[in-house]
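As given in TrEMBL:
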| type | residues | note |
| --- | --- | --- |
| COMPBIAS | 643-652 | compositional bias 'Polar residues' |
| COMPBIAS | 662-676 | compositional bias 'Polar residues' |
| DOMAIN | 50-340 | domain 'ABC transmembrane type-1' |
| DOMAIN | 375-615 | domain 'ABC transporter' |
| DOMAIN | 698-987 | domain 'ABC transmembrane type-1' |
| DOMAIN | 1031-1269 | domain 'ABC transporter' |
| TRANSMEM | 47-80 | transmembrane segment |
| TRANSMEM | 100-121 | transmembrane segment |
| TRANSMEM | 173-194 | transmembrane segment |
| TRANSMEM | 200-220 | transmembrane segment |
| TRANSMEM | 277-299 | transmembrane segment |
| TRANSMEM | 697-725 | transmembrane segment |
| TRANSMEM | 745-767 | transmembrane segment |
| TRANSMEM | 819-838 | transmembrane segment |
| TRANSMEM | 844-863 | transmembrane segment |
| TRANSMEM | 927-947 | transmembrane segment |
| TRANSMEM | 959-982 | transmembrane segment |
Amino acid sequence: MSSKQDATLTNGGEHARAIIERQLNGIDGAEEQSLTLLTYATTWDKAILIVSSICAILAGALNPLVPVIYGLLVSIYNGFEDGSVSASELRDKVSTFSLYYVYLSIALFFLTYFATVGYYYSGERIARSVRTAYLSAIMRQNMAFFDLVGSGEITNRIVSDMGTVQEAITSKLSVMLSALAQFCAAFVVAFIMYWKTALILSPFFVAMIVSASLGGAYAVKHHKRAMTLYGQASSITQEAFGAIRQVTAFGMSRVLSQRYVSLLSQAGEANSKAENVVAALIAWMNAMPCLIDALSFWAGSKFLVKGEMSVADVTTTTLAVTIGCFAIIRIAPSAQALISGFAAAAEVFKTIARSSSQDPLDTTGEQPQSVVGNIQLEHVDLVYPSRDDVGVLRNVSLECPAMKRTAIVGSSGSGKSSILALLERFYEPTGGKVILDGKDIQSLNLRWLRSQIALVDQNPVLFNATILENIQYGCCSTNDEPSHQAVIRAAIKANAHDFITALPHGYHTRVGEKGLQLSGGQRQRIAIARALIRDPRILLLDEATSALDSKTESVVQSAIDAACQDRTTIMIAHRLSTVRNADNIIVLAQGHVAEEGNHESLIAKNGVYASLVQKQQIQDDAARLRDKEDGKEEVVVSNSVDELNEKSTLTESPDRPFTIKAQESTNPTTDAPSQSTSAKKTLFFIFKMSRENWKMLLFGLICAILAGLTIPAQSVLFAKLLTIMGFPAERYTQLQNQTKLWSGLYIAIAGATFIFWMGVETTLAYATQQLSQRVRQIGFQTIMIQDMAFFDEPANTTNALSTVLSNSTDDLAGMGGPVMGGILTFISTILGGIILSLVVGWKLALVCTATIPIVVACGWLRLQILNAFDTKVRQSGIDSAAYAGELIGSVRTVASLGLEEYSMRQYDSILAQRSAKSLQSILSASSLYAASQSVVYLCAALAFWYGGQLIADREYSTFQVYVCFVSLISGSQIAGSIFTFAPDASKAMHASQELDKVMQAKPKINHALGNAEAETEKHDIQAQHPKGCRIEFENVTFSYPSRPDRLALNNFSIIVEPGQTLALIGQTGSGKSTCVSLLERFYEPDLGRVLVDRHDITELDVNAYRQTISLVSQESIMFSGTIRENIAVGQVEREVSDPEIMEACRQANIIDFVQSLPEGLSTLVGTSGNMLSGGQKQRIAIARAFLRKPKILLLDEATSALDTESEAIVQAAMDTIRRGRTTIMVAHRLSTIRNAGIICVMENGMLIESGSHHELMSLRGKYWEMVGMQNLH
């Protein structure tokens, strides 16, 4: 830690460092080493896994019996050739040995079936437990953890990484065990037959195992890095989609896309390193059997000539060793999935093992029977762990008496919200103590502590549920389910009941993602109702009325005043009129207490507080005016539609029990894929998205065909060498010479096989990597240019869209290059084998070929069942992922409300529903898979029996039978192997449909393309008015697309001259923000026009037009990165220098704060700017707007988060920068707009009054009433 950091840790040096480290790294991560997937298996799961593993092992161990039977048949065939076995004896023996194949097939069917069902069933249960444990671990973490890890990265772990883990357990692990058993059994058979030959061949196995181990370790390392980078990329999508209006307004799409693509490129590089190693391993393992066969036959010929081995021994040993090699090859296609699964599990376990220093689910700690509510801070220091070089609180001591109201005021960044964060135990003080009723709160049970506190934040977060449920969530931590009447009483206290009942579905209206289907004021009132329903002993209000208009604020403030009775209340406010009646007011400055007292005593001191009050112009005569008007302002909201949110897209939710539920449809592709989803369409989509790499893709596919043809070629060599091994003693010299020749050809085939497979794996893996990157990139860019109506749709939530980009692109690889290449290789093997067999022996070829469709049919039926199964389960997976994403994205709200346990129960319930849907499909699909794997031995029985008849009748030679048998039975095995890709292909089909629908979405407003006329129009605007533009709303009528039956603007008309300032005021939902949205071209009017310099803005190039506008909205949006990047993010046409950025900071009154930071502009702001206070974020947003040097300035409550002093300075700067620029201001705080050229009072989307401040005051109408409510002169 640097000296600067040391300086900030004023109390206790090492102790403070230990606290910071504990919050950053957890208490103890040693447990990580002991966590495995089996840790999350129940006894029942383990029993099933044991039985399934035994079945998989036995199924694999049965395969090496084939060489034994084969060797016996070869011995009989050779006996018939040399005359030692008669034709009748040949027929009898062949029939008996063929029956052995039938028995083997039956045993293999049942073993494979039970193994597959068991692994799928237990694997899904284990994965479900790990998912739940991971999300539970996330919910247990302290806030410092979330300051460093983005919500997108966490969601990506749950969706993508856990999907990889589940796939590894359910399908890949079974293959691995079966293959390992096959390998071991084959080795045993080989040593029993003739140990010398087996020993000679052993180095090849050692080489394969060593190369696989070293290569696998290298691949795991780079896969881990790739997954970390993909998680960071997912965080960008979460932030971008969650702040799409600001991103669109500032043209940030290009910058964010560049960051996103950069992370994808880095992840692709890491993946490519792993894929190249895997490619070499697969090529090596495919070439190795050829080398083994060559050496085995060559060595076998030596021992055969010496009389130490028989032909049957040579055959059985060679085939056993070859089967052992193929067993290792069977491992290879699953190696990548297993490597990815283990890498993903390791990252998940790392988080699960992290012991949080502030665990809300920990049952330890004191839980006093009663709470008085006396709060003290004794010499408290605070340093945020992720920014430990800046002290936030320094030696702060204060007291908040029980049952009293304490107000904390001060400039932005002075530490006000940090005190509330300490009371909620979001962070630990690095020095001193926070005391509740004489007890250090660190000694209290965290869940109990938070259940005594209710927090209403400046930017309240609602969940994607009904209004009723959102208010009920306030009681989750107490486990008491509130009645409907209790909810109504809380809503009445918060002045929310009237607007709720005016909605078509009342309390059962869904509020949308984060409550964004409601206005800011409506969200705030529901949040207040949520706080009041829990009847807390301590009430924390962090700018609780900042989003309310003056009328509503007055009534809600009265409700808050009533709610503050009989409980300890701590209020943070910039608007000092809301705290003047507090029992005690604490003034903070730069992290320490500057003044303390009540309103009158602080005014008498004429210090910092008095100066703040003076700037806000709070006067006694204005207060008397307010009191005079109270009689007629007591009721401000009626059951009329004027309280409806101007952008509400609310849907009905039927009565149901008190539950937190994921939205039932979060899939952006509104129609679920059907069984008829076409593989052809998927392939077309993949080829379309891979067209830039078509040469590489074509080369890889040609290599795949050639690689497949090496197997029929090997069958000729194998049959020839078997025939040579049957030469009589007098031809041993010829036997040895020909064995050398054909073994040499085997080596040549091995070289060709290695080259072809290397070509397949490297090129197609790279093409797939490029496909994934391109699909993610295009998908991200396509989503970013959609109209706001697209994001207003309930299906298109932030989490759902992010899930499509991460999960669906991963699933698309199920029919990507390597899989496609593997399928093409298998097809060329089958066709090559059929053609070769027809040429060599057409009768046997026709009989054997007829069996292949049976295998294909079994595999195809399994694919259809999996397709239907994936359709059912996929939606459940998306729902659970979206629900988890919502919890993680609102983690502070979840923690404050104590929703951890309840949320986890609901999440587990969603996963349980998903599991219940899968069992029937698993049973059906497993039976067909088992059939496709075992029926090949029935084919072998038929081939050997019929081949024996042909040899007995002297129609065919043994060479012809061997060629047909090896090539076609290999073809049958390959046909069965094709459908091991069925689960991946099924997922890929659905993923391609989802991604294609996203990419085919067309915005009504063209964000990407301009034209010459539009460019000319843009230059005309600049030429006429260098700084300002004339704006006109001409008879504009508008309703939001998602709610066409409600007018947000009704025949609205106004003209703003160049350089003039227009202020829009009115109650929540009156249409103010809609005017800003139409000016930004987020939407287009239904009737009328919006004109800029007499040009209809719908005829202008939208990107160029938006470059002339700067928007500062009520809720400032920050992105992960530095302060510099956040200020410059809206500059898309030029690079900006640090001096320019610092000048923008100076204008926004944040330069002192930036210069005080050790890293200055390079300081990281954290995920969504969580390392900054609300005021600091707002001033950075204002600096961002200033930097653009706009022609039109849109200010939607731009100073709502600023303290009085900062507001005054920023207001003065804004007054300066507004000169010569056309400005549209939306405000509740009327002191900020009294100097505007035109003030428009809006109601129900219509213009009620307009004029200057003095003109409207003289009218003594609506505006005059609102001024009186805010104590303005």
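Any Cβ shown, glycine's included, is placed from N, Cα and C.
Curation plays no part in TrEMBL annotations; they are all automatic predictions.
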Chain residues outside the transmembrane segment (100-121) and at least six past its termini with a C-beta under 8 angstroms from it: 48-49, 51-53, 55-56, 58-59, 62-63, 65-66, 69, 169-171, 173-174, 178, 918-919, 922-923, 926-927, 929-931, 933-938, 940-941, 944
Leading stretch by Cβ pairs under 8 Å, where the reference is the transmembrane segment (47-80) and the options are 173-194, 200-220, 277-299, 745-767, 927-947: 173-194
Selected stretch (most C-beta pairs under 8 A with the transmembrane segment (697-725)) from 173-194, 200-220, 745-767, 927-947: 745-767
Sequence-remote partners of the transmembrane segment (277-299) [C-beta within less than 8 Å, at least six residues beyond its ends]: 196-197, 200-201, 204, 207-208, 211-212, 215-216, 218-219, 314, 317-318, 321-322, 325-326, 328-329, 332-333, 335-336, 339, 707, 710, 714, 717-718, 721, 725, 739-740, 742-744, 746-747, 749-751, 753-755, 757-758, 760-762, 765
Long-range environment of the transmembrane segment (200-220) - Cβ separation under 8 angstroms, sequence gap at least 6: 183, 187, 190, 273-275, 277-278, 280-281, 284-285, 288, 291-292, 295-296, 299, 321, 324-325, 328, 331, 335-336, 339, 342-343
Confidence summary for the domain 'ABC transporter' (375-615), mean pLDDT rounded: 85
